[in-house]
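Asker: I'd like to ask you about the structure that follows.
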Amino acid sequence: MADNCIRLLHSASVFFCLGLLISSFNLLQGIAAENLSKQKLTSWILQNEIVKEVNENPNAGWKASFNDRFANATVAEFKRLLGVKPTPKTEFLGVPIVSHDISLKLPKEFDARTAWSQCTSIGRILDQGHCGSCWAFGAVESLSDRFCIKYNMNVSLSVNDLLACCGFLCGQGCNGGYPIAAWRYFKHHGVVTEECDPYFDNTGCSHPGCEPAYPTPKCARKCVSGNQLWRESKHYGVSAYKVRSHPDDIMAEVYKNGPVEVAFTVYEDFAHYKSGVYKHITGTNIGGHAVKLIGWGTSDDGEDYWLLANQWNRSWGDDGYFKIRRGTNECGIEHGVVAGLPSDRNVVKGITTSDDLLVSSF
């Protein structure tokens with residue numbers, strides 16, 4: 001593998017070589033996970049036991065409840081929703097780590113939904129269906145919010161476009177991906193609007209269907225409406241970066257620029273979160289998940305928390321949202337913060353070529 005990669009690099013096939021390395025990494029990770037937890041993956045999620053243990057724990061700080069979505073789910077089915085793959089170090093090559101001025105005075109509580117109330121996208125709760133597309137949702141939703149905050153334009157960008165068209169550069173689509181790669185993709189390739197390439201069809205089923213699990217959709221590079229051109233619908237990022245893993249830097253980033261994407265480790269008990277400030281109480285480590293962080297505060301019990309929007313529908317959690325302990329790197333949430341700034345090249349104008357010709361020349 002190493003010799004082949006060296007030869008490929010000398011022939012300028014950098015992206016193909018990187019794809020081989022990432023594919024090999026993911027294959028080894030997948031085999032290890034299957035061998036270590038095959039019995040666990042086929043077992044049922046223990047709703048009764050987990051809900052009881054959390055709610056009877058006086059120090060839990062949060063409440064659990066039965067969730068119909070996971071009523072008859074195996075651990076493997078739950079794991080399909082958790083699409084953050086272990087990110088190869090190569091993905092962070094050249095990615096800056098952003099910190100902020102420590103003299104910036106931050107409020108004790110902050111909610112992006114009220115701070116930028118004109119931006120309706122911030123308060124949207126979506127549903128990723130049975131696809132491990134959380135890495136794409138967290139990125140696309142945060143970038144949509146940032147376009148509104150910076151340019152005063154309400155725009156919903158397409159999760160489906162990123163999921164289908166980023167390919168091996170972002171990971172494996174519905175089988176998981178790398179959050180930072182999504183932000184790098186925005187910078188170099190852009191993403192179309194949801195109107196151009198929707199994630200949900202008109203029956204309410206998740207694209208491409210309502211199966212228990214479904215494959216990554218194909219990249220069409222064509223808007224569903226004949227009145228739009230795919231290239232003209234593109235919106236771009238101007239940067240992609242990691243935020244320094246300190247609560248003050250994360251708060252400053254959200255306060256100045258808007259919601260960010262965060263990745264964290266999910267345990268079985270998280271599936272049953274209902275209210276309060278989450279911290280891991282019981283259950284096995286299931287996988288990595290990505291969501292949108294929109295604010296922070298302190299509970300009545302004095303527990304500092306982050307406020308986040310999940311994409312498991314409003315029937316999950318606290319109307320689709322959850323709070324998690326802040327300042328202790330709970331479940332690794334403060335070590336996986338990525339973001340980027342929107343570009344004023346958000347719409348490419350003056351393109352008169354048909355999408356059919358654009359696809360053939362891409």
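Here the Cβ of each residue, glycine as well, is placed from N, Cα and C on the backbone.
Per Swiss-Prot, the features are:
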- Cys134: active site (ACT_SITE)
- His289: active site (ACT_SITE)
- Asn310: active site (ACT_SITE)
- Cys119-Cys148: disulfide bond (DISULFID)
- Cys131-Cys174: disulfide bond (DISULFID)
- Cys165-Cys219: disulfide bond (DISULFID)
- Cys166-Cys170: disulfide bond (DISULFID)
- Cys196-Cys223: disulfide bond (DISULFID)
- Cys205-Cys210: disulfide bond (DISULFID)
- Asn35: N-linked glycosylation site (CARBOHYD)
- Asn72: N-linked glycosylation site (CARBOHYD)
- Asn154: N-linked glycosylation site (CARBOHYD)
- Asn313: N-linked glycosylation site (CARBOHYD)
- 1-33: signal peptide (SIGNAL)
Asker: Write down the Cα-Cα distance for Asn154 (N-linked glycosylation site) and His289 (active site), rounded and given in Å.
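Answerer: Roughly 26 Å, rounded to the nearest whole number.
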Asker: Taking Cα atoms as reference points, rank the recorded positions Cys134, Asn154, Cys219, Cys223, Asn313 by distance from Cys174 (disulfide bond) and give the first.
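Answerer: That would be Cys134, the closest of Cys134, Asn154, Cys219, Cys223, Asn313 to Cys174 (disulfide bond).
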Asker: Can you grab the distance from Asn72 (N-linked glycosylation site) over to Asn154 (N-linked glycosylation site)? Cα atoms, rounded to a whole Å.
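Answerer: One finds 38 Å between the Cα atoms of these residues.
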Asker: Near Cys134 (active site), meaning Cα within 10 Å, which of Asn154, Cys165, Cys223, Asn310, Asn313 (recorded positions)?
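Answerer: Passing the 10 Å Cα cut: Asn310.
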Asker: Can you give me the Cα-Cα distance between Cys165 (disulfide bond) and Asn154 (N-linked glycosylation site) in Å, rounded to a whole number?
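Answerer: About 23 Å separates the two Cα atoms.
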Asker: Measure from the Cα of Cys219 (disulfide bond) to the Cα of every one of the recorded positions Asn154, Cys166, Cys170, Cys196, then give the nearest.
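Answerer: Answer for the nearest of the recorded positions: Cys166.
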Asker: Using a Cβ-Cβ cut-off under 8 angstroms and a sequence gap of six or more, which residues of the chain neighbour Cys119 (disulfide bond)?
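Answerer: Ala112, Asp145, Cys148, Ile149, Asn154 - these are the non-local Cβ neighbours of Cys119 (disulfide bond), listed in sequence order.
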Asker: By CA distance, which of the disulfide-bonded residues (Cys131, Cys166, Cys170, Cys196, Cys223) lies nearest to Asn313 (N-linked glycosylation site)?
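Answerer: Closest by Cα: Cys131.
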Asker: Write down the Cα-Cα distance for Cys196 (disulfide bond) and Cys166 (disulfide bond), rounded and given in Å.
Answerer: 16
Asker: In sequence order, which residues at least six apart in the same chain have a CB under 8 Å from the CB of Cys170 (disulfide bond)?
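Answerer: Looking at Cβ-Cβ distances below 8 Å from Cys170 (disulfide bond), excluding near sequence neighbours, one finds Trp135, Ala136, Leu162, Gly177, Tyr178, Ala181, Ala182, Tyr185.
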Asker: Please report how many Å separate the Cα atom of Cys131 (disulfide bond) from that of Cys223 (disulfide bond), as a whole number.
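Answerer: Taking the Cα atoms only, Cys131 (disulfide bond) lies 22 Å from Cys223 (disulfide bond).
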Asker: Indicate whether Cys165 (disulfide bond) is helix, strand or coil by DSSP.
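Answerer: Cys165 (disulfide bond) sits in a helix per DSSP.
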Asker: Look up Cys223 (disulfide bond) in the DSSP assignment and report helix, strand or coil.
Answerer: coil
Asker: Tell me the coarse DSSP state (helix, strand, coil) of His289 (active site).
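Answerer: In three-state terms, His289 (active site) counts as strand.
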Asker: Could you work out which of the glycosylation sites (Asn72, Asn154, Asn313) has its C-beta surrounded by the smallest number of other C-beta atoms within 10 A?
Answerer: Asn72
